[in-house]
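S.K.: Pasting in a structure now, in structure tokens, and then I'll have a few things to ask.
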6 protein chains.
Amino acid sequence: MFIPIFFLSSLLLSSSYALVQDFCVADLSAPFGPAGYSCKKPATVTVDDFVFSGLAASGNISNLIKAAVTPAFDAQFPGVNGLGISLARLDFAIGGVIPMHTHPGASEVLIVIQGSITAGFIDSANKVYFKTLNKGDVMVFPQGLLHFQVNVEKFPALAFASFSSANPGLQILDFALFGNDLPSELIEDTTFLDDAQVKKLKAILGGTG
Amino acid sequence: MFIPIFFLSSLLLSSSYALVQDFCVADLSAPFGPAGYSCKKPATVTVDDFVFSGLAASGNISNLIKAAVTPAFDAQFPGVNGLGISLARLDFAIGGVIPMHTHPGASEVLIVIQGSITAGFIDSANKVYFKTLNKGDVMVFPQGLLHFQVNVEKFPALAFASFSSANPGLQILDFALFGNDLPSELIEDTTFLDDAQVKKLKAILGGTG
Amino acid sequence: MFIPIFFLSSLLLSSSYALVQDFCVADLSAPFGPAGYSCKKPATVTVDDFVFSGLAASGNISNLIKAAVTPAFDAQFPGVNGLGISLARLDFAIGGVIPMHTHPGASEVLIVIQGSITAGFIDSANKVYFKTLNKGDVMVFPQGLLHFQVNVEKFPALAFASFSSANPGLQILDFALFGNDLPSELIEDTTFLDDAQVKKLKAILGGTG
Amino acid sequence: MFIPIFFLSSLLLSSSYALVQDFCVADLSAPFGPAGYSCKKPATVTVDDFVFSGLAASGNISNLIKAAVTPAFDAQFPGVNGLGISLARLDFAIGGVIPMHTHPGASEVLIVIQGSITAGFIDSANKVYFKTLNKGDVMVFPQGLLHFQVNVEKFPALAFASFSSANPGLQILDFALFGNDLPSELIEDTTFLDDAQVKKLKAILGGTG
Amino acid sequence: MFIPIFFLSSLLLSSSYALVQDFCVADLSAPFGPAGYSCKKPATVTVDDFVFSGLAASGNISNLIKAAVTPAFDAQFPGVNGLGISLARLDFAIGGVIPMHTHPGASEVLIVIQGSITAGFIDSANKVYFKTLNKGDVMVFPQGLLHFQVNVEKFPALAFASFSSANPGLQILDFALFGNDLPSELIEDTTFLDDAQVKKLKAILGGTG
Amino acid sequence: MFIPIFFLSSLLLSSSYALVQDFCVADLSAPFGPAGYSCKKPATVTVDDFVFSGLAASGNISNLIKAAVTPAFDAQFPGVNGLGISLARLDFAIGGVIPMHTHPGASEVLIVIQGSITAGFIDSANKVYFKTLNKGDVMVFPQGLLHFQVNVEKFPALAFASFSSANPGLQILDFALFGNDLPSELIEDTTFLDDAQVKKLKAILGGTG
């Protein structure tokens, strides 16, 4: 029996498939708005838009903090645009530290793949929650709260973090305070830190003013 | 008494009315993002942007499934863009079937206008919910779950479906599995269907690989 | 070959199926919150929670407005709770009127099933959009804007409305102004209506003060 | 000790800072969508995008209603685009009235800075909530409901209103009904107002039809 | 003419008004969930649930920071629960400081009512935005970013802040770091602050460990 | 100098810290609603509510599919409730298969930790996206679309998946169709599968009807 399948599919549904928005791969060169980047035309989307290999290798941890954060946010991994999820790779040398920071736009879940990590966060009531996480352990950091991860063990460590947004943001406390031109007097007035401390950290982190 | 009303209205509020966004009629030719299409300029919007007549006539049901889905999603009915709602018309000949499918982006409410329809869905715990719906009956299908509608009566049937999104998407199981180039081996490995069954349906639905 | 399927399913996934929240059928007797009603225990949910027959019959249109609105919101149809969608049936005798009103919490899409309806809305820039809709025509009314439907033809009419919320709310202008104890002076000061007009409508609609 | 800080910062994170979307200052000349306006390029954003001085002075209250609303919505204050918040200044002469109105897209919180204001709203069940607010008092008006503010005291009054959206919309009942070309017959049929009343207010508010 | 108005209203709509959820005044003693507190029964809600007088008086500024934050969040002002908006009063003596802090769950708009305030925030790219705001000036602080307000003038100052959530949270940097039992070593490792500095501030702010 | 810090903190802010909702650890025994479970009282929350060790060990892969999914959704890991994120561990023996399935309520990002996985999804336009992912590769699966993962290599594989919801749901196609009491005739009518195929799979997967 001849089955006119083209006939079936064209009649069952309108043919405007090109407009279906199951996803919205970011077109980083187009306008963007509060909900994210504009979408690539569906006809030009391929599987490679949904796959990202940039987390396969360790970030460079030969630095002051002996650690590295490698993001797979929408700017690096356009396939997650609009989908409310993204990732990052965290590499720690011995003694490595991801300094105190917040993600203004997302909660984070971290899973330890190798080594051990001491991680914690502080809530709005100033209560501290921290624990040493071993391989396979998971910890969640609620949105917008100060948190940190340090490797206090004798081995390197590796973890992956997931975020509840394609664009979680990342505000590292020391860079925010000491890595820009915020006048020292304003820093001191609003943090109660001593002038010498502020100037010492500005010297390290490139701050002026 | 002369009442300077233009004076009143210009003073009461700023005059930037053109920028008010009570609605966002889709400009299908402009960039679109995760939240939907760009908006037509308000000054060019007319009542006809908010009215759609494409559901007035039956879809063509002279096909394999003896049924037709006629969508009024944002691509067909630009007035619903951004408003979190859309519609579709479902026509059934005797024996008509809307095959097992999901809407990845919306819940659905269906109302039977004429005839009777047996409709059902399956939840994540694999529990089945199905019932024969008569004229005037309403059934809700929660977002993303497999569901179906069939006309098992001796009369044609008509229903309208509403969706909780202007762009609910529609993934019909058989088209998804057998109407493309997904390799038969992958289908078989991931669905446990027999090779002969997969190839038979690929032949009907135009699949390759 | 014996296939230990119970073994398969218990190992493939944790057994805590009872907690999966594909849906949230309203338990109207339990606490409710900003996102809707508490959910019935999944184990007690049946297909009848997802089916509603209350729209099958016409509302009583032997009244002043010669029309009736029959809602299938979460309070009447608990299966839509949390799913962002609901329905209502609109019946019109000849000359029937759904008076000027708003839905504070949802956009609406209306489809005409029988007869003709003149429907319209007014936007924040005071621009009016109205049109006579015939059988099968659809019109969308953006969230929160004043709108109305009247039957100006020589035949009864029937329409169904869908809403982008399980709890759209409904504020009918005349009931809001004249059907309660809002002091006439406050009404007059804030609407510029004449005292006689206010008192006449209060008498009709049961208002005091 | 030389501290290679540029090295630190470039290794710690990818350098694609320009794409971080902590905020989305509106580019009013670019396309806009359901979630708001397109964002200015981050490199061009300055502190002045986040500061607005347009609420410093009283609106002109030498008008019919002896009151003025001065908005700081996204169209006036592009820095709030996408942030879910905006403001307005409300000035009242003695006897000043902000007429019955709704915000289709936001809830409002009002704080009295000077004088006293009688404010109220009406809910979907037609229940009225109103009270005289003194200096420092706050009142909240839930989204989409009819509300009003009047100055019934012997002194001018000043208040600020905040909204739960950058684009709350504003539909003033009298302008919506009588300040456009909505046919008088339709107004009368859907509001039960008398023809003379409708025509009187149309004459005042510039309506035709 | 006798008009059976009770008849009208009972037929026009179902009578289940008590279940309409135009608002959700918090019942602070009932369970709460991710979207906020449970709602008080509508029948028990009065206008006083929507009015709050706790911002009328200055907070006590006879303290170390010579400033006070008085919140009108959902816990203090149950009427805003679920409405996506809240307020706070900021009082500043001469030299008063609202120390560096974040709101994890909301953007903020601040309006200066009296005096002048120097306010600023820092974004994820470490760029600083700060300015002196005079009476009537407004500034917006995007969600989750570090910000501060100081009174550097010779006069007291007063401002009101609005938030895009009924529960914005408030994490004050110094309390988060030095006002709890977070071990000094962890603080030092993750902030690069000197041990002496950490211990000095812990002594002031009550920290241990 | 004596510094009355308790005085400072009590005056700076209201003391109702216990009500701050930075997070909402699920109380699985309390009512739950559309936005998730009720929250544990903040005073009883400890760091252990935010840490989960259930993903540290492999699931049992001695089963038909030679693979295991171990979820860390809100029902297993109450700390993620309300935070829009969750995780799962995927273990694959040689030849292991995560069968064709959807997550009705979330997008997924998968990262390969060990071995190689061939993964793919199908969109609403029936276009297939699949690729072999190696160690460190990431792939995103948009919400609600059919997808699968198989291990076609000669080594076991391990991956972690993150979801954009604390309760993503999981509908496995074969369990949904063949692991319950959905009548075979309805399955056949709505999937076009042969009766023999349906009955063969029902026998394997425990279906009846």
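The backbone N, Cα and C atoms fix where each Cβ goes, and this holds for glycine too.
OK, TrEMBL features for this one:
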SIGNAL    A:1-18  signal peptide
DISULFID  A:Cys24-A:Cys39  disulfide bond
DOMAIN    A:53-199  domain 'Cupin type-1'
BINDING   A:His101, A:His103, A:Glu108, A:His147  Mn(2+) binding site
BINDING   A:His103, A:Glu108  oxalate binding site
S.K.: Which ones in the same chain are close to A:Glu108 (Mn(2+) binding site), with CB under 8 Å and 6+ residues apart in sequence?
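M.R.: Sequence-distant Cβ neighbours: A:Val140, A:Phe141, A:His147, A:Ala161, A:Ser162, A:Phe163, A:Ser164, A:Pro168.
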S.K.: In terms of Cβ proximity below 8 Å, which recorded positions out of A:Cys24, A:Cys39, A:His101 neighbour chain B?
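M.R.: Cβ contacts with chain B under 8 Å: A:Cys24, A:Cys39.
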S.K.: What are the DSSP helix, strand and coil residue counts for the domain 'Cupin type-1' (A:53-199)?
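M.R.: Its residues divide into 22 helix, 55 strand, 70 coil.
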S.K.: Along the domain 'Cupin type-1' (A:53-199), what average pLDDT does this model show?
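M.R.: Over the domain 'Cupin type-1' (A:53-199), the predicted model scores a mean pLDDT of 97.
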S.K.: May I ask for the distance between A:His101 (Mn(2+) binding site) and A:Cys39 (disulfide bond), taken between their Cα atoms and rounded to an integer number of Å?
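M.R.: Roughly 30 Å, rounded to the nearest whole number.
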S.K.: Near the Cβ of A:His101 (Mn(2+) binding site), how many other Cβ atoms are there if near means within 10 Å?
M.R.: 21
S.K.: Measuring CB to CB from A:Cys39 (disulfide bond), give everything in the same chain under 8 Å that is also at least six residues away in sequence.
M.R.: A:Gln21, A:Phe23, A:Cys24, A:Val25, A:Ala26, A:Asp27, A:Asn81, A:Gly82
S.K.: Going by a 10 angstroms cut-off between Cβ atoms, which of the binding-site residues A:His103, A:His147 has the sparsest surroundings?
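M.R.: Comparing Cβ neighbours within 10 Å for the binding-site residues A:His103, A:His147, A:His147 has the fewest.
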S.K.: Take the Cβ of A:Cys24 (disulfide bond) and count every other Cβ within 10 Å, whichever protein chain it belongs to.
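M.R.: A count of 28.
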S.K.: For the recorded Mn(2+) site, whose residues are A:His101, A:His103, A:Glu108, A:His147, find every other residue on that chain with a C-beta no more than 8 angstroms from the centre of their C-beta atoms, and list them by sequence position.
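M.R.: Near the Mn(2+) site, the remaining chain residues are A:Thr102, A:Phe121, A:Phe141, A:Leu145, A:Leu146, A:Ala161, A:Pro168, A:Leu170.
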